């Protein structure tokens, strides 16, 4: 009996380390944990998740495979593999697992980490009604312009004529959120609203806690019972509860003042849709879905744009000659008696190229959002089993030496053609491509342009004498975020 048990255990152990036939090459699998020990060692060595993917690619090629805990993980680097994934329907899924369900009450809800009919219905609802509420319209632009003016006024007060250094790494958080929140909840927040400052700090912490592949909670879910603190479960639940409570309060306020004849925002429209679809068995419009949708938009809608703008200020500190050239262009094309508008975008070509180069060089979402294989398929000659989590290294795309020549160099001119126009590049994908392309791209582009141009139109950004020049090395996580830094803002007029 004992011998039989030992034989069975040995058989199961051997079975556990056998890779699927044709699976992409990668590090050795161990029983139970798969490649996890190698993954953690490599992460400790290189410091960032996206550099782990680059390390894998340099050893095994553009498509590499691991198993982390129970999860199959495939990482794609380089243009051909990434484009193939983003444009093929069989890779349009999102990972399913304990972590991905934890944030949405144990179910597959929201719009970011769903697929199939639920995702199609919710994405269609969001796009249709956000457009009606102003996405991509003059009213959206007016909202952002108002936020930019308020930010400038706040910075004038806080900077004391340029004498006082201001923390700049998170200065855009609330004004960026306000541009979205006006459409989502019909409300804007004061820039000094301490509750929002604290909540957005929690959002930043959540993004830094999360591993792009899903992390320990997804790969080894029992760890939440064995080591709740070490696995991140305790902190994550604390943060999520704070955000859930805020979103529920917002939705409850809408319910109390709901008027079916006066649709104020996306939450109202969702509540109306819930009423009209009550009798439909397969409708995805329910209470928890509304909270989950708000969670997705609240977190993803502010994080990447705010981080990009934080890095933009950092680049202007480190490259003062670029800052001066942007300001010269603003003075020449906009003048001093008005603020920049989106209509100025065509004439502010160097500024536009600077924003593109910031997005390329910083690559705020270096691993994108994870995809999932919806069926057994093949990628560049390798077998990808159904259910495999697929990560695309946008960092490898934006830092490819053969394509960019000098990818480590910050050089906005690479996006300007010989005749002075903006040069589009297929390798530049800050918002992705395909069906899973970022739904907030229009708002994000407008926000980046208007906040960045308005800031440099009104201030010169100088380093603080009290602290050394900051580094471009940011915090790791699902997104990269700038580490705390301050700058002096000198009024230009």
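Cβ atoms are placed via backbone N, Cα and C, with glycine included.
Summarising the annotation, Swiss-Prot assigns heme binding site to 438 and lists similarity to another entry as the type of evidence. According to DSSP, residue 438 (heme binding site) is assigned to coil rather than to any helix or strand.
The Cβ of residue 282 (N-linked glycosylation site) lies under 8 Å from the Cβ of 117, each of which sits 6+ residues away along the same chain. Look at Swiss-Prot and you will find 282 (among others) tagged as N-linked glycosylation site.
Within 10 Å of the C-beta of residue 458 (N-linked glycosylation site) there are 23 other C-beta atoms, taking all protein chains into account. Annotated N-linked glycosylation site per Swiss-Prot: 458 (among others), in sequence order.
Under the heading signal peptide, Swiss-Prot lists 1-20.
Residue 438 (heme binding site) is surrounded by 19 other CB atoms, counting those within 10 A of its CB over all protein chains shown. Secondary structure from DSSP puts residue 282 (N-linked glycosylation site) in coil. Under the three-state DSSP scheme, residue 458 (N-linked glycosylation site) falls in the helix class.
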